[in-house]
Amino acid sequence: MIRIGILALQGDVSEHLEMTRRTVEEMGIDAEVVRVRTAEEASTVDAIIISGGESTVIGRLMEETGIKDVIIREKKPVMGTCAGMVLLADETDYEQPLLGLIDMKVKRNAFGRQRDSFEDEIDILGRKFHGIFIRAPAVLEVGEGVEVLSELDDMIIAVKDGCNLALAFHPELGEDTGLHEYFIKEVLNCVE
């Protein structure tokens, strides 16, 4: 059995919980999906999903709770969406706490402010996916070994590095479980 933790410090936690639970059920795998609020809870999961929200607040709370240290020390696979993408970076256009798990530079709010939010069909992993972009970041540059999975309007919106996945958009707000399934399959390969 694997345990997937949804970081529950701030952001759209319930949407990720529901989507991840639905995904493991559809996949027919033995998995538990739980909220992670403390370093102790972070130590009990095989992977963590960091949702959208306010990246500065989430980063600060991850430091205060010790969750950041657990993720880094125990090399937990992480999927970060929107604010989670920002937190996975090792550099951003704003001074804030970061995990630094992916060699990339991210620009916060690259697609504009809240009123500029939009939805678009994107190509990712050889298929179409409905992307929901809310004050979305974008990757400005990636280091060696970082795989670019998708671009939109010449901006990088999805990358993978090892067992870590960063998405500029919100797959948890749609109906398609494809990207959650992709991440869970990666986790299964990483924890074997």
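Cβ atoms here come from the backbone N, Cα and C positions, even for glycine.
In Swiss-Prot, the L-glutamine site is described by Gly53, Glu54, Ser55, Ile134, Arg135, and among Arg35, Arg37, Arg73, Arg108 the residue recorded at this site is Arg108. Cα of Gly53 (L-glutamine binding site) to Cα of Glu172 (active site, charge relay system): a span of 13 Å.
Glu172 (active site, charge relay system) sits 12 Å from Ile134 (L-glutamine binding site), taking the C-alpha atoms as the reference points. By the criterion of other Cβ atoms within 10 Å of the residue's own Cβ, the least surrounded of the binding-site residues Glu54, Ser55, Arg108 is Glu54.
Taking the mean position of the Cβ atoms of Gly53, Glu54, Ser55, Arg108, Ile134, Arg135 as the L-glutamine site, the remaining same-chain residues with a Cβ inside 8 Å of that point are Gly52, Cys82, Ala83, Val86, Asn109, Pro137. Each of the recorded positions Cys82, Ile134, His170, Glu172 was scored by the other Cβ atoms within 10 Å of its Cβ; the lowest score goes to Ile134.
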